[in-house]
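First the structure, in the form of structure tokens, and then the observations on it.
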Amino acid sequence: MAAPAPSLISVFSSPQELGASLAQLVAQRAASCLEGDRGRFALGLSGGSLVSMLARDLPAAAAPAGPASFARWTLGFCDERLVPFDHAESTYGLYRTHLLSKLPIPDSQVLTINPALPVEDAAEDYARKLRQALQGDAVPVFDLLILGVGPDGHTCSLFPDHPLLQEREKIVAPISDSPKPPPQRVTLTLPVLNAAQSIIFVATGEGKAAVLKRILEDKEGTLPAALVQPRTGALCWFLDEAAARLLSVPFEKHSTL
């Protein structure tokens with residue numbers, strides 16, 4: 001089943017239907033990129049509920065392309081907690097367990113932090129890996145970033161009123177005072193987010209409704225998620241009905257049934 005063409009805001013009746021359409025869209029984007037001039041697909045993932053959502057639906061959605069296609073995928077992470085990979089808070093660790101065991105992406109194509117390094121060094125090391133893997137642009141360009149948004153409006157590990165929102169030189173930044181535990185993390189910065197070819201924000205549940213109204217309807221442009229405005233790429237929001245319940249702005253209602 002083909003995913004719906006994304007509008008600015010797409011609303012689904014349940015997280016399950018959202019996840020199925022998201023997986024189809026990732027697979028379609030991958031196929032398009034692999035047929036393009038660069039012949040590769042660079043995907044940036046966020047953690048949280050996205051892990052289980054993608055683990056459930058992406059392997060089947062991407063399977064028709066065949067195992068060989070995954071050798072040309074490059075997978076990165078939009079932010080990461082500075083914890084060992086077997087820690088429950090490790091975003092890579094969760095994807096390794098639940099998704100990467102089902103997708104034959106070579107380990108060399110999965111870009112991770114080195115959690116044994118101090119946070120500043122871990123950020124620099126991850127930035128080097130990104131530049132090496134995504135060569136050809138002054139700022140590394142992902143073909144697709146999948147982002148979440150917190151009830152406070154944060155995305156990645158970019159939090160409201162934090163100095164990292166002003167970072168323009170680094171492509172990956174360390175953070176040692178995260179308002180959410182664990183405190184030490186590394187995160188992509190706004191210049192990298194806004195260089196992406198496509199960005200999908202995913203939000204589900206009533207707990208996200210108020211902040212989505214602030215971003216999408218009240219246009220509170222200082223919230224971190226609102227600062228994600230791709231320079232030339234596409235931006236869309238995938239929401240379930242609970243997350244969208246306070247919105248009166250136009251959106252497209254989708255169903256995979």
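Easy rule for this one: first residue shown is 1, then count along the chain.
A Cβ is built for glycine as well, from the same backbone N, Cα and C atoms used for every other residue.
Of the candidates S13, S49, S90, Swiss-Prot records phosphoserine for S49; the remaining residues carry no such annotation there, which does not rule it out for them. Taking Cβ-Cβ distances under 8 Å and a sequence gap of 6 or more within the same chain, the neighbours of K180 (N6-acetyllysine) are G150, H154, F159. When Cβ atoms from all protein chains are considered, those within 10 Å of S49 (phosphoserine) total 15, not counting its own.
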